[in-house]
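So that you can see what the record holds, here are the features copied from Swiss-Prot:
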ACT_SITE  H359  active site, proton acceptor
BINDING   7-10, K21, Q73, 78-79, G140, E155, N170, N224, R329, K347, Y362, N373  UDP-N-acetyl-alpha-D-glucosamine binding site
BINDING   D103, N224  Mg(2+) binding site
BINDING   A376, A419, R436  acetyl-CoA binding site
REGION    1-226  region 'Pyrophosphorylase'
REGION    227-247  region 'Linker'
REGION    248-446  region 'N-acetyltransferase'
Amino acid sequence: MLAIAILAAGKGTRMKSKLPKVLHPLAGKSLIDRVLSCTHGLKPNRRLIVVGHQANLVEDSLRKHQDLDFVLQQPQNGTGHAIQQLKPRLKGFNGELLVLNGDVPLLKEETLSSLLKFHKESNASVTFLSASLDSPTGYGRVFTDESGLVKKIIEERDCTNEQRKNKLINAGIYCFNWQQLSDVLNLLSNQNSQNEIYLTDTISLLKKALHFEVDNPFEIKGINDRVQLSECEHYIQEELKSLWMSKGVSFVDPISCSLSEDSNFGTDVIIEPQTHLRGKCSIGNGCHLGPGSVITNSTLAENVLAIHSFINEATIGNNTSIGPFAHIRPESNIRQNSKIGNFVEIKKSCIGEGTKINHLSYVGDSALGKNINIGAGTITANFDGKNKHRTIIDDYSKTGANSVLVAPIKIGAHVTIGAGSTISKDIPDKSLVVERSKAIIRTKAD
């Protein structure tokens with residue numbers, strides 16, 4: 001049996017943030033969500049989250065995971081104290097306990113699988129991840145005997161100058177035999193420079209302690225401040241972009257772009273500089289994004305062009321052109337072969353196939369049919385000061401420049417609306433409508 005405990009109780013004071021450290025985003029996911037993601041394939045019987053500082057925020061952010069058991073650590077008195085809080089929850093449990101940190105987000109599932117396999121085959125009391133670092137500052141040092149058994153781990157702040165020269169470090173990721181661990185947990189003390197109860201002190205109390213060295217030390221990098229957060233963001237972005245370039249996506253200037261891990265691409269996609277994808281995005285074959293576009297939780301079909309535009313929670317059809325400087329807001333559906341031009345805003349609207357809204361227009365809460373032409377400066381006036389109202393325009397209709405359609409309103413098919421008109425009544429099919437005040441012209445002599 002396998003139980004997994006993720007430590008997420010710390011204050012994260014070096015982040016200088018009101019947000020709990022484990023909730024800071026990294027390539028679109030919180031740190032702790034990333035840690036949870038690498039545990040799914042391990043098929044644990046239990047997953048426990050140790051919370052403390054701003055516990056409610058952390059718990060609320062993880063409600064989508066139905067199998068989590070939250071354990072409160074109050075006060076936060078060290079990693080050993082955190083694991084002591086698990087004893088009532090794991091009463092009667094007979095198996096392995098994998099201990100992870102909520103601020104170590106780059107771990108791979110494969111690494112944890114290898115750790116578990118090594119631990120079980122070695123019949124160890126505890127096995128933990130380790131690494132040899134050229135610059136081990138900040139990490140506890142691992143000390144072994146001639147046979148390779150771990151004798152002790154000393155936290156850096158408690159090391160002598162000579163002990164600090166040791167480059168073998170503890171990554172803080174442990175696999176314990178729970179029964180053996182629970183027998184020694186109450187023997188831990190806080191006799192150290194921090195007056196905290198260290199989980200590392202269990203190493204010298206257990207029968208057989210081993211370490212398992214990781215292939216890629218960056219995988220165990222913890223995040224304590226925003227500099228380290230930025231370093232991890234850069235690392236993930238490089239991984240993501242390299243992956244998609246190997247699958248047929250071109251980045252003109254990769255370093256200036258960012259992706260979310262939930263982004264998916266077809267082939268022959270070109271991504272120009274300063275383009276960013278956030279949340280869950282699906283980008284079809286042959287799309288050309290940017291420069292300067294931001295796409296969030298949206299689906300773009302094939303051969304979509306999006307230049308200097310914001311697309312948020314929208315669906316864009318094949319062979320559609322967006323921008324430059326267009327804003328497609330949530331719940332919008334732009335059908336194939338359409339054009340949304342410069343300085344156009346679309347909000348919660350369906351735009352039919354082949355429809356063109358080329359410039360300087362606002363279309364909100366509307367349903368437009370196919371092959372419609374919306375003239376420059378056309379506005380759907382959807383808000384009466386209290387409620388939003390719908391505008392419907394049927395196929396093959398046209399609006400002249402500077403038209404205002406006052407919702408609720410329905411414009412029929414094959415309707416032409418003259419420039420400068422303000423329309424507040426429904427218009428039947430095949431109509432020509434011009435509604436504007438008569439010009440009054442006077443000479444200066446008058």
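For all residues, glycine too, the Cβ spot is worked out from N, Cα and C.
Keep in mind that this is a model prediction, so the values were computed, not measured.
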- Rounded Cα-Cα span from N224 (Mg(2+) binding site) to K21 (UDP-N-acetyl-alpha-D-glucosamine binding site), Å: 8
- Task: Work through the binding-site residues one by one (N170, N224) and point out the residue whose CB has the fewest other CB atoms within 10 angstroms.
- Result: N224
- Chain residues in Cβ proximity to the region 'Linker' (227-247) (below 8 Å; excluding those fewer than six residues from its ends, i.e. six or more beyond): 15, 24, 26-27, 105-106, 218, 221, 254, 257-259, 261, 263, 265, 267
- Fewest other CB within 10 angstroms, which one of the binding-site residues A9, A376, A419? A419
- Query: When the Cα-Cα distance from N170 (UDP-N-acetyl-alpha-D-glucosamine binding site) is computed for each of the binding-site residues D103, A376, R436, which gives the smallest value?
  - Reply: D103
- Item | pLDDT averaged over the residues of the region 'N-acetyltransferase' (248-446) | 97
- Message: Summarise the region 'Linker' (227-247) as counts of helix, strand and coil residues per DSSP.
- Response: 19 helix, 0 strand, 2 coil
- Task: Please report how many Å separate the Cα atom of A9 (UDP-N-acetyl-alpha-D-glucosamine binding site) from that of D103 (Mg(2+) binding site), as a whole number.
- Result: 10
